[in-house]
Amino acid sequence: WGLMLVLSVVIYGSHAPLLTMCKVDGKIPFSSTSVVVLIELTKLVMSWHHAVPFALSALLYAANNNLVVHMQLFMDPSTYQVLSNLKIVSTALLYSLLLRKRLSMRKWLALFLLVAAGVSYSCGGLQDPGSPSKMQLHITLVGLLLISVYCLISGLSAVYTEAILKTQALPLSLQNLFLYFFGVLLNLIGYFWSSAEGSFLEGFSSWVLVIVVSQALNGLIMSVVMKHSSNITRLFVISCSVLVNALLSITLFNLQLTLLFFIAISCISLAVHLYYGVT
């Protein structure tokens, strides 16, 4: 406090002499408005140190979201659905290493059961009655590299964001403001950089609006989960969502459940029991 007050006294006292030093032929050569704008901008930048760490989070999320689209060129959708479950392992490993949260063998077993559940469900937990039951997976070497990078970035972005949310003594609403500011900024840059044809809202429908609102709400919920619980809880939420996915798929698309679906549900139930002790 003493140092800050002394510094403030010095700055107040030097303001008028500094303005005098700026005079040219007895006149102020610059616009006072531009100086005030720069002063306010400098204060904004100097106050932004809490927000800067969220720029990396937004960059990682943006990179991963775009990577999902581009790597579809090097593998079929079924392969992506199966191998993307490995992000459970990468998230758990980074959670344990970076946040120094030691997991017991029982909890590791629970997480591997989540991976098994995801793989089982992706391999044919739901099936169109008219389609062949055999599923063939295809992936190139580039695709294998991309899916590895995807799983690594997915885990890193989630764990890094959790670390920021928990270490900063700031309200979650303010932290969300920082995170989503950079998210909007980076994705707008990506949109204009890609020179997309058509208007920004071209092709939008009421279903797209539902997606936007629901995903936004889910993002806010996940912020609460990561700040007050952990990424492991987030992984269980994602895994349990196959129940909703199956219900909607049966209702909307007339798909049928297979044995693999029930294997997946059994793995998830056992994983919940092992990790949380829920019976």
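Placed from the backbone N, Cα and C atoms, the Cβ positions cover glycine too.
No curator has checked TrEMBL annotations; they are predicted automatically.
Annotation comment: TrEMBL describes 82-99, 108-127, 139-165, 177-194, 206-225, 232-253, 259-278 as transmembrane segment.
For the transmembrane segment (232-253), the partner stretch with the highest count of Cβ pairs under 8 angstroms, out of 82-99, 108-127, 139-165, 206-225, is 108-127. Using the rule of three or more Cβ pairs under 8 Å, pairs at least 6 apart in sequence, the transmembrane segment (82-99) is in contact with the transmembrane segment (139-165). Contact count against the transmembrane segment (259-278) (Cβ pairs under 8 Å) is highest for 108-127, out of 108-127, 139-165, 177-194.
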